[in-house]
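Novice: Got a structure here, written out as structure tokens. Questions coming.
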């Protein structure tokens, strides 16, 4: 009865509409019409006659084929008008979907005869558009055999359109059924059960896939670029049986569903779907259909990997008519796009309403990309339901659930983060461009290529062979790798990608691969800035946003300013509509995410081209200033800004953080805290430890750390798990290191540098010391000229000191005093030698005529020199001036006297000045008294001038020698004691014990036994042996003799 009443009503409507034109056609008896009408409610549809408007408002039929060009080519742009009693006049502005499939798309059918190519040409008659250009409406339909598709509005009201059999499709009066669409059965998504498994699987594939692409497709904002998902459509045997094994009907159903899903994804996510392969099973079921949809999905993955592996695709989609447990109608592997596990299974829930399958397909593609189900906090105003809902179909409560074609703001925010992470670079190429890319020499590394430096003529990579696109034998990596230097892998720890913001982290090479690790950042919600938090690797801080707009003194305005956003005015709103340019008023809970209001700062914006508003009002006797920018691009509060506890702003809405940011499981030893509560977690599941903590899970106390918190980072309280590999390493954030703790490598470098500095200082000191130690005192010029290279030094008979040693042992006290005298004597000798060297250019002067005295052709270097310490023999000689000589001038010598200049007898009374004899050891008991005598004589020296005084001096020397060796040991002891009392230790203080009688020196002792009566002119006198050995005197004596 119900069916009969429906058919009767349908017949009445059709007859009233068509009149006598179609009165002869009994559309109630058509099998297709009867099957469709059985699914309609009596009051939920109406018959309409759509028509097409072409140029110059010409009204034609609904056939969109362009017969002027090709019979099977449809117009790119069409406009369909539908007059409805309920909706009024609907003007559908449509554009052909040129990406749904291409000429290269292969349509295959598998039957008992094997695999065959479907010969019938598939027409592209699939359109997308809006109602009257209103962006808040949704239209997707096909026009191959009448109009068949969906028309939806922003409030969730959805209508389906279906063509009736009969009549002329080229006429303007072809009947269609316009009906209100709602879900008629329970339907759930099965992907939630596979979420955890799929996510773990995806993490293993992300880095492997990116290692081939992310170095060339560098991280960049691709949210505005169109992405293309190439899919392989498979219709299993159960699905084909439900459609009577009609090839074109099955293909049309799948393409209509794909067209609707493509329209949803392209509007909000800028993703296009394209069928690159279509396969129909018309003989047997090639995979097992289990009640467990997850197990069935595994069979789809195995089939796609084993049978259609040669098809270059991003995902495989199976349409089936099988039934699964728990009313599950779809399933997909979470975040598996561009991998071998990228597969979707969709049940054909409605035979005539393809838009329900289109919604399921769009949701499944979202799961492949990484989108999760929306929570109750996510909305897509004004539509009550969003695409990523967990339960698409619900029955009860006065009707079914509405059709959803909008993605929530949570899903849009998640997808934007996925694009920023750069994990889906495979979607940037257009369909069928893979064959062009996957060839050696195009400069892009793809497939099994190890490198690709372009053509042989243009290759600049010394590590890559341009002919085979493989590494050269000596190379470990290629030049395009971030962790490669001169064809060798960079050592572990080298930074290959620096941080770009306070919420970003620097990646380091691992020393095993030339690829830089995946780009990661601190997880969303990490505190940063003045009052901000991390969002997609950047710090979202309203204070900093105000400072960028109004200057450094600007701050966020009072909360009352944000309440103005509910007005939807130009200066206070939650966004601008693209269709008519009007502004969205904010909901009360979203006011903080609308127009950003600031106060203070400059009067006008820093960017003078921006249109700004400033208004003041008083509240509770308090003056409040609100400054805003009338530009949605820069005037709205930035995404990721904290708007409430655990909530963030996304596209003008305040949503829960957990609904827009995927949870990341970082290693920890406390399940309640990420990174053990001592660090921050990154999107790559690694920990950045606080100062004083280290280890994979930041659970080890240490004196140093790779992180010192800046930017006001606080500890997170969200949970996490520790089910991560021990291979994870604590990484470093260089720009956040503002403390005093240094790295071990830094300390080692400082220590090494300090050691090198000390070594250089030591070398410099050694060089300076060596230079100073080799300085030689130059000899006087006259000594250099007079010295003969053949000169020999003769020492003669050296005295024996054995007796002296014996005496030293017997009386150490005496010899101790003598040693002190010896040291003083050596110092005086050194001083005398220096004076002699300095006066080497002086000459002996004859007092009689002032002429210099030359002895043996050599000028005496000591003639006329002032005597610093005169010997006792010379002092006594001056007392006996009556002694005559044989006419020779006595010359001062050390150890002997000689004369070479004749002196006349008349001059015997003259005096010879500045002449000294060698020192002779004297009795020491009268040293003090003799010292006073020498001092008085030094002040008024008296020269002797005759030979007699000269000979007398000789006698004195002999007598002094006799006195020295003739005295007893007691006298020597008393002399030493006297010397000790006086305190003198110089040669000038060595005097005689008492004055001696000059008459006792009549017979001087001559050298070599010569008698005193000898008349020889050259006298060589032997000086008495001294108690002290003076090598300087010995050297000078020999030089004088020679």
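Cβ atoms are placed via backbone N, Cα and C, with glycine included.
Relevant sequence annotations retrieved from Swiss-Prot are reproduced here:
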type	residues	note
TOPO_DOM	24-746	topological domain 'Extracellular'
DISULFID	338-426	disulfide bond
DISULFID	378-410	disulfide bond
DISULFID	380-386	disulfide bond
DOMAIN	437-524	domain 'Disintegrin'
DISULFID	496-516	disulfide bond
DOMAIN	662-699	domain 'EGF-like'
DISULFID	666-681	disulfide bond
DISULFID	675-687	disulfide bond
DISULFID	689-698	disulfide bond
TRANSMEM	747-767	transmembrane segment
TOPO_DOM	768-1042	topological domain 'Cytoplasmic'
REGION	779-809	region 'Disordered'
COMPBIAS	825-836	compositional bias 'Basic and acidic residues'
REGION	825-850	region 'Disordered'
REGION	980-1028	region 'Disordered'
COMPBIAS	1002-1027	compositional bias 'Polar residues'
Novice: Among 386, 426, 496, these being the disulfide-bonded residues, pick the one whose CA is nearest to that of residue 698 (disulfide bond).
Specialist: 496
Novice: Cα within 10 Å of residue 666 (disulfide bond) is the criterion; apply it to the disulfide-bonded residues 338, 380, 516 and give the hits in sequence order.
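Specialist: Passing the 10 Å Cα cut: none.
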Novice: I need the nearest neighbour of residue 516 (disulfide bond) among the disulfide-bonded residues 378, 675, 687, using C-alpha distances.
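Specialist: Given the candidates 378, 675, 687, the nearest one is 687.
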Novice: Per DSSP, what is the residue count of the domain 'Disintegrin' (437-524) in each of helix, strand and coil?
Specialist: 1 helix, 16 strand, 71 coil
Novice: Across the domain 'EGF-like' (662-699), what does the mean pLDDT come to, as a whole number?
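Specialist: The average pLDDT of the model in the domain 'EGF-like' (662-699) works out to 86.
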Novice: Do you know the DSSP helix, strand and coil residue counts for the domain 'EGF-like' (662-699)?
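Specialist: Taking each residue of the domain 'EGF-like' (662-699) in turn, the totals are 4 helix, 9 strand, 25 coil.
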Novice: Given residue 426 (disulfide bond) and residue 681 (disulfide bond), what distance in Å do their CA atoms have, once rounded to a whole number?
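Specialist: About 27 Å separates the two Cα atoms.
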Novice: For 426, 496, 516, 666, 689, listed as disulfide-bonded residues, tell me which one has the smallest number of other Cβ atoms within 10 Å.
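Specialist: Among the disulfide-bonded residues 426, 496, 516, 666, 689, the lowest count of other Cβ atoms within 10 Å belongs to 496.
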Novice: Helix, strand or coil by DSSP: which one applies to residue 426 (disulfide bond)?
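Specialist: The three-state answer is helix.
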Novice: Would you list, in sequence order, the disulfide-bonded residues among 338, 378, 380, 386, 410, 675 whose CA lies within 10 Å of the CA of residue 689 (disulfide bond)?
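Specialist: Close disulfide-bonded residues: 675.
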Novice: Which entry in the list of disulfide-bonded residues, 675, 681, 687, has its Cβ near the fewest other Cβ atoms, using 10 Å as the limit?
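Specialist: The disulfide-bonded residues 675, 681, 687 were compared, and 681 has the fewest Cβ atoms within 10 Å.
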Novice: Near residue 687 (disulfide bond), which disulfide-bonded residues out of 338, 380, 410, 681 have their CA within 10 Å?
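Specialist: Matched disulfide-bonded residues: 681, sequence order.
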Novice: Going by DSSP, give the three-state secondary structure for residue 410 (disulfide bond).
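Specialist: DSSP assigns residue 410 (disulfide bond) to helix.
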Novice: Between the Cα atoms of residue 378 (disulfide bond) and residue 386 (disulfide bond), what distance do you get, rounded to the nearest Å?
Specialist: 8
Novice: Rounded to a whole number, how many Å is the Cα of residue 386 (disulfide bond) away from the Cα of residue 496 (disulfide bond)?
Specialist: 41
Novice: Fill in the CA-CA distance, residue 675 (disulfide bond) to residue 681 (disulfide bond), as an integer in Å.
Specialist: 6
